[in-house]
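Per Swiss-Prot, the feature compositional bias 'Basic and acidic residues' maps to 21-31. Taken from Swiss-Prot, the feature N-linked glycosylation site covers 317, 360, and the record attributes it to sequence analysis. What Swiss-Prot records for 1-32 is region 'Disordered'. What Swiss-Prot lists as transmembrane segment is 45-65, 111-131, 141-161, 174-194, 218-238, 259-279, 292-312, 330-350, 363-383, 395-415, 457-477, 532-552 (among others), and the listing cites sequence analysis.
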């Protein structure tokens, strides 16, 4: 028996031999994940507010570009590169998410998180000062790279600084800050787009800047507060967490999966490019689109083989946490998270678009229209975190949330040009409550089910699902909308060129709609509304998937006290895989 145990332990060790003292220190690191929170009182309040505020900046950057694209096109006059503004950010987020989670499992979470915050701020500054659209795209990629690390860092810091029982509540709070940033993104972006100072200040507000221009002084005070107050708090009040005490940095860096990292980045970049550019820049059957799909598919296959056979790495240090694929619990949580990301990302982008086209809303007014959706998403997230911590059951949240999301998505699909605003708000509320009930739940469930040292990796695993689901859903939704809207408009106005129609849809040429006769304009808007309604097939599919998977989730308690629980007072883990 002892020989078997020894062999198993040997197989799981990295290639570099570790001393017994280092192993003992790593065992102590495992205990740090499980112990009660050490920061108390007002200090904890300040720390948690500072950590959560960075989620606001990250979510703000996700949605701020939507309403300033026409101004960016007018500045640089390069419509063909417009998709890159979102693609660069999304590619950097998706491609590096798993990598960041592995790095967080090796290096000090506090200092790595600070590095990601700085990286994100530098990317935002680059966007604001960009002399060319290529520089702007590069800044978006850098901001996405830092933002992905920042988001994984927030979840990691919350997991290592809270007890298991209170963790769902604090993770639920990320929904509040995410919602604030999501709502402010279109509003702030639209406000700067129509102001004298211009769209560049939409990116400057994500970094420390001097409020020297009087018209935007009120909007620059909060970012100055974040940069001037939050970073010193991170430095002096946030406790350090070293996941591998006693292990040299040379050994830690040697254990990163560099080959897997390169393969994953290449596969993600080519895949996201194919989905985003297909039907927009290039036809779906063009050589460019097909080549991107083929390259992505080949690289994903090679990446899968490299991870499975541990080529150039070990089972313990693989970029992708393949061990979770052997646990049904984590597979279900991954798909659930990707599905709910589809449910709320699609309406967040297309609700403002609907009101801009059909109600002639300004960018600011269209952003405000999101309030019913986002407010109820946030409220449901907070309620989920509080009640799931108290009662422990998590399966009902997925089942009921999926059902409400399905109802809300179907209702959004039925919206026509003449549908009243009150009805649309009601549909959004149903959708928001449903999606919010389980939007962030998987983070807490996965962290509760993971082994102590797997918590950063489990966080990255669920974050990857969220980003992947949202990225693919938005890419497909954009392609469907552009294709359906272009075809519908050209059927009504056959003399219009495809380039003119696509420019009008993107917002770069509003004069196209103004020159149409009233009857023709109404027919065109009806075609646009029909195109927008088609994108809600994706949330319908995502909600249906959530309901189907929820049926197979166990009826277990995960976060509440039990007589046989561990020393944290939570039920034993692993009942679901």
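Using N, Cα and C of the backbone, Cβ positions are placed for all residues, glycine too.
The transmembrane segment (457-477) makes contact with the transmembrane segment (259-279), as judged by at least three Cβ pairs under 8 Å among residues 6 or more apart in sequence.
In terms of local Cβ density within 10 Å, 317 ranks first among the glycosylation sites 317, 360. Residues 83, 86-87, 90-91, 94-96, 98-99, 288-289, 292-293, 295-296, 299-300, 302-303, 306-307, 311-313, 318-320, 471-472, 475-476, 478-479, 482-483 of the same chain lie 6 or more positions beyond the ends of the transmembrane segment (259-279) yet place their CB under 8 Å from a CB of it. Cα-Cα distance from residue 317 (N-linked glycosylation site) to residue 360 (N-linked glycosylation site): 53 Å (rounded to the nearest whole number). Taking Cβ pairs closer than 8 Å, the transmembrane segment (45-65) reaches residues 39, 72, 85-86, 89, 117, 120, 124, 140, 143, 147, 150-151, 154, 157-158, 161, 170, 173-174, 176-182, 184-186, 188-189, 202-203, 205-206, 223, 226, 229-230, 233-234, 237-238, 348-349 in its own chain, all 6 or more past its ends. Most Cβ pairs under 8 Å with the transmembrane segment (363-383) belong to 174-194, among the candidate stretches 111-131, 141-161, 174-194, 395-415, 532-552.
Only sequence-distant pairs (6 or more apart) were considered; of these, at least three Cβ pairs between the transmembrane segment (141-161) and the transmembrane segment (111-131) are under 8 A, so the stretches are in contact. Residues 336, 339-340, 343, 347, 354, 380, 384, 388, 424, 426-438, 441, 529, 532-533, 536-537, 539-540, 542-544, 546-547, 549-551, 553-556 of the same chain, all 6+ positions outside the transmembrane segment (395-415), place their C-beta atoms under 8 angstroms from a C-beta of that stretch. Per-stretch counts of Cβ pairs under 8 Å to the transmembrane segment (330-350) identify 532-552 as the leading one among 111-131, 292-312, 532-552.
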